[in-house]
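Here is what Swiss-Prot records for this protein:
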- 86-284: domain 'Laminin G-like' (DOMAIN)
- ASP136, VAL153, ILE235, ASN237: Ca(2+) binding site (BINDING)
- 200-229: region 'Essential for interaction with CBLN1' (REGION)
- SER345: O-linked glycosylation site (CARBOHYD)
- SER449: phosphoserine (MOD_RES)
- SER450: phosphoserine (MOD_RES)
- SER453: phosphoserine (MOD_RES)
Amino acid sequence: MYQRMLRCGAELGSPGGGGGGAGGRLALLWIVPLTLSGLLGVAWGASSLGAHHIHHFHGSSKHHSVPIAIYRSPASLRGGHAGTTYIFSKGGGQITYKWPPNDRPSTRADRLAIGFSTVQKEAVLVRVDSSSGLGDYLELHIHQGKIGVKFNVGTDDIAIEESNAIINDGKYHVVRFTRSGGNATLQVDSWPVIERYPAGNNDNERLAIARQRIPYRLGRVVDEWLLDKGRQLTIFNSQATIIIGGKEQGQPFQGQLSGLYYNGLKVLNMAAENDANIAIVGNVRLVGEVPSSMTTESTATAMQSEMSTSIMETTTTLATSTARRGNSPTKEPVSQTTDDILVASAECPSDDEDIDPCEPSSGGLANPTRAGGREPYPGSAEVIRESSSTTGMVVGIVAAAALCILILLYAMYKYRNRDEGSYHVDESRNYISNSAQSNGAVVKEKQPSSAKSANKNKKNKDKEYYV
């Protein structure tokens, strides 16, 4: 298209196309708008691209109240009810998930992630138990205001705790736990990952430790049993129940729990969907899909009022409405955390920089912000949407091309009519000149003037000059 337009401009600029100066001016008439329109289209596309950048800056502070590590979550975990939140009020409550008897898993590795806010110093958040008689379990708890995990997969109780982070401050926190055999890792928010490697780094060494606890007099029968048991010392056998809330353990949790993920199960989402394998008892109330991350003042007020349902509900509603309206001049920014952050962190616990540019089902990752400041948290994602920018650029280029074609057609039409008029005028002049040459009378009238000039030349020749 552009080559054809250039050829048309060259023809108009040639001597046979309407004059060199006029053709040059005509070329400028459509080249300049073409350039300007193209730049406009590119600028439009660039502005669309810039409008869809979400910049989250990286910081270095460790003391904060929301998660910073955002990992790539599997595609199967990005739908559904993201960030389902339950409030456990005064008196405690409990959400229990039971595996069907014929579908109880035995796992060598486990992954657990959950968001919460509370002011309690002692509570049990989540506990997973094996079938009756096996004794395997995994428990996430708060002890003296510190978060920790305790589990047993066939030998002794193994404990791991984050002793540096205070989590009973009423702020929103995220905890991630992974287990592989007897080894475990624990991370709270953006604090460094804590690793726990118990004595006996392989099955044989751990089997030897277990054998020492069995009386020797039991003999060969026990040895054979230990050999079989040794292959299971790293396996969480026949998991039967997931208990959320700690009421059954005598340490009921009071506060908010959000987005629980355990080995592919999003239990709180299932509870909100009235799953047949889930039972809810006690003072437990569903809040909504967006976990409310409350400020220190609002959460402390709610907790000091004995976790009143009405106060907690009002605070949560206020936080949710504030998040929808955006940052208010008089309110602190409200952070939001979706299940994508929790679930993905459990799926990829060793990769802190694997950030997903794709969008969650609800329209983008949340922007974690500090509860008492304006600065975003480190490790956040930069999400770029290029579809709108591409559309804007294409529309701009098409508009520029259409405008240039219209200008070129109008200019060609105008100069074509002007050239035809000039041709008629030149033809009439040639006709008058030819008629004058063919008219004998007119020629005769001009003959006396020619005779006079001849006589004058003769007189000049007759003159004599003297020096």
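Count begins at 1; order follows the chain as displayed.
Here the Cβ of each residue, glycine as well, is placed from N, Cα and C on the backbone.
Just so it is clear, the model here is predicted, and its values are computed rather than measured.
Distribution of Swiss-Prot features across the structure.
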{"residue": "ASP136", "record": "Ca(2+) binding site", "CB count, 10 Å": "21"}
{"residue": "VAL153", "record": "Ca(2+) binding site", "CB count, 10 Å": "26"}
{"residue": "ILE235", "record": "Ca(2+) binding site", "CB count, 10 Å": "15"}
{"residue": "ASN237", "record": "Ca(2+) binding site", "CB count, 10 Å": "17"}
**Reduced DSSP assignment, VAL153 (Ca(2+) binding site)** = coil
**Prompt:** Under DSSP, is ASP136 (Ca(2+) binding site) helix, strand or coil?
**Reply:** coil
**Confidence summary for the region 'Essential for interaction with CBLN1' (200-229), mean pLDDT rounded** = 61
**Message:** Helix, strand or coil by DSSP: which one applies to ILE235 (Ca(2+) binding site)?
**Reply:** coil
